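**Student:** Handing you this structure, nothing more for now.
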Amino acid sequence: MDLSGVKKKSLLGVKENNKKSSTRAPSPTKRKDRSDEKSKDRSKDKGATKESSEKDRGRDKTRKRRSASSGSSSTRSRSSSTSSSGSSTSTGSSSGSSSSSASSRSGSSSTSRSSSSSSSSGSPSPSRRRHDNRRRSRSKSKPPKRDEKERKRRSPSPKPTKVHIGRLTRNVTKDHIMEIFSTYGKIKMIDMPVERMHPHLSKGYAYVEFENPDEAEKALKHMDGGQIDGQEITATAVLAPWPRPPPRRFSPPRRMLPPPPMWRRSPPRMRRRSRSPRRRSPVRRRSRSPGRRRHRSRSSSNSSR
């Protein structure tokens, strides 16, 4: 009996030791299974990272195409920076030891972004350059137009060829003026108005027109303040009249509308006034009604008497 009990105890102890050893050190087959599972997980992670990197590359390609179509350099630099950052993140997820290199790459990508943004801000796009060039060309083309207008306005007026002679005595005639002023140049015309009542007497002034403006200037210098028939005369230049614009064609007068009929001529105020006596009429009737009653009462009293 004692031997059987001892055998049972020894068997129980051996079983417990086997359990402890199994819990402490797993079997080599289990280790292989676990290593296979870990390798599968790693391969899955690598496949996922590869897919993400391929997606990022596809996105970068599409962005590059868009940037090439638009012709903007800033979008290209951003796509390159995003591709570098995607590659750095894939390397960081695959191995923990390359985390420092990923951080350095991300830092370099951020610096490249800042440099690309600064370059894009420094160098404007070709479309903006075209707009700026158009604005500059327009602004440059405006000043010559103003200069031309100012030159046209400042154009010198033609020199006068006609001279007005005033304060002449009534004894002076056209022949006298012809003799005096013909010494300065060829005279084109002499106009000497005469009084209506006395046609043999002049009005005291005359107009002498020369062929050249230089001759008219000579006559002005020598004869302004000179004497004819013992009296000082005045000589002034007559400016050429500005060309008047042609008279405007007046439109024919508009036909007057016929007057409205009599029943339409009355203004609305008269209508309002015409309504007011109608409103007052019942008041007058009320005021007359007591008088009528009095007359009736008097007539009734007379009849009773």
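Including glycine, each Cβ sits where the backbone N, Cα and C put it.
From a predicted model like this one, the values you see are computed outputs, not experimental measurements.
Feature list, courtesy of Swiss-Prot:
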type     : residues : note
COMPBIAS : 1-10     : compositional bias 'Basic residues'
CROSSLNK : K7       : SUMO2 cross-link
CROSSLNK : K15      : SUMO2 cross-link
COMPBIAS : 33-59    : compositional bias 'Basic and acidic residues'
MOD_RES  : S53      : phosphoserine
COMPBIAS : 68-126   : compositional bias 'Low complexity'
COMPBIAS : 127-143  : compositional bias 'Basic residues'
COMPBIAS : 151-167  : compositional bias 'Basic residues'
MOD_RES  : S155     : phosphoserine
REGION   : 156-242  : region 'Necessary for interaction with PNN and exon-skipping'
MOD_RES  : S157     : phosphoserine
DOMAIN   : 161-240  : domain 'RRM'
MOD_RES  : K218     : N6-acetyllysine
COMPBIAS : 242-262  : compositional bias 'Pro residues'
COMPBIAS : 266-298  : compositional bias 'Basic residues'
**Student:** Where among the modified residues S157, K218 do you find the Cβ with the fewest other Cβ atoms within 10 Å?
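**Tutor:** Sparsest of the modified residues S157, K218 by Cβ contacts within 10 Å: S157.
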**Student:** Can you tell me the three-state DSSP label for the residue listed as 'N6-acetyllysine'?
**Tutor:** helix
**Student:** Tally of helix, strand and coil residues over the region 'Necessary for interaction with PNN and exon-skipping' (156-242) according to DSSP?
**Tutor:** 19 helix, 27 strand, 41 coil
**Student:** Take the C-alpha atoms of the residue listed as 'N6-acetyllysine' and S157 (phosphoserine) and report the distance between them in angstrom, rounded.
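**Tutor:** Here the two Cα atoms lie 19 Å apart.
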